[in-house]
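Reading through the structure tokens given below for one structure.
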Amino acid sequence: MAPRTGMYGPCSWCVRVAKWLPVVFIVGIVVWSYYAYVIQLNILTIESNIQKTLYLLVYHVILVLFVWSYWQTIFTDIGFVPKQFRLPPTELESYECAATEETRRDVLEHFMGKHGLPVVNRTMTGDIRYCEKCCHIKPDRCHHCSVCGECVLKMDHHCPWVNNCVSFTNYKFFVLFLGYAFLYCVFVAATTLQYIIEFWR
């Protein structure tokens, strides 16, 4: 789950609650669809026990996979930058007190070479990517998330629908969540189509 930002007080609680609203909305839709499909369609409408059993079995398998992948996407911690990329107090002071950009560049180059950090990606000017807020060298494909308030490894984007960054640690779960959500929608639509047509007739 996304870490807490530096905000405190009543406003911070309002922001935290607001961030969960899209997740609550998704959960509400799933709960309503469960009632509509299981109770209204299968229990009260479909008469064939074989058809009813088959629909419910497949539906619950897809639902469990969908809910599991959604849960993992939301509550898997973001990919935090390893500690060895963070500047220790001495190097940090040298970096912040440097008079020129060239001196700052030399401090970062020396630190990176000293610790053998595996950094390939650089800025447009060829400089080492450094986060001023987190005070560490950025690994490849690492970006600072303004919502989480942290640098995130292999950050794709911050998704409001899961209230978390899609990154190195939960990218697989996010893709599975999208796939199972699509499968869930297709299955429900395909198995309810004939009853929707009958209803409108």
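Count begins at 1; order follows the chain as displayed.
Note that Cβ sites are derived from N, Cα and C of the backbone, with glycine treated the same way.
No curator has checked TrEMBL annotations; they are predicted automatically.
Through the fold, the transmembrane segment (20-41) approaches residues 55-56, 59, 63, 66-67, 70, 74, 160-163, 188, 191-192, 195 of its own chain, all at least 6 residues removed from its boundaries and within a Cβ separation under 8 Å. Here TrEMBL flags 20-41 (among others) as transmembrane segment.
Taken from TrEMBL, the feature transmembrane segment covers 53-71 (among others).
The feature domain 'Palmitoyltransferase DHHC' is assigned by TrEMBL to 127-199.
Long-range neighbours of the transmembrane segment (173-197) within the same chain, counting only residues 6 or more positions beyond its ends whose Cβ lies under 8 Å from a Cβ of the stretch, are 33, 37, 41, 45, 55, 58-59, 62-63, 65-66, 69-70, 72-73, 76, 156, 159, 162, 166. Under the heading transmembrane segment, TrEMBL lists 173-197 (among others).
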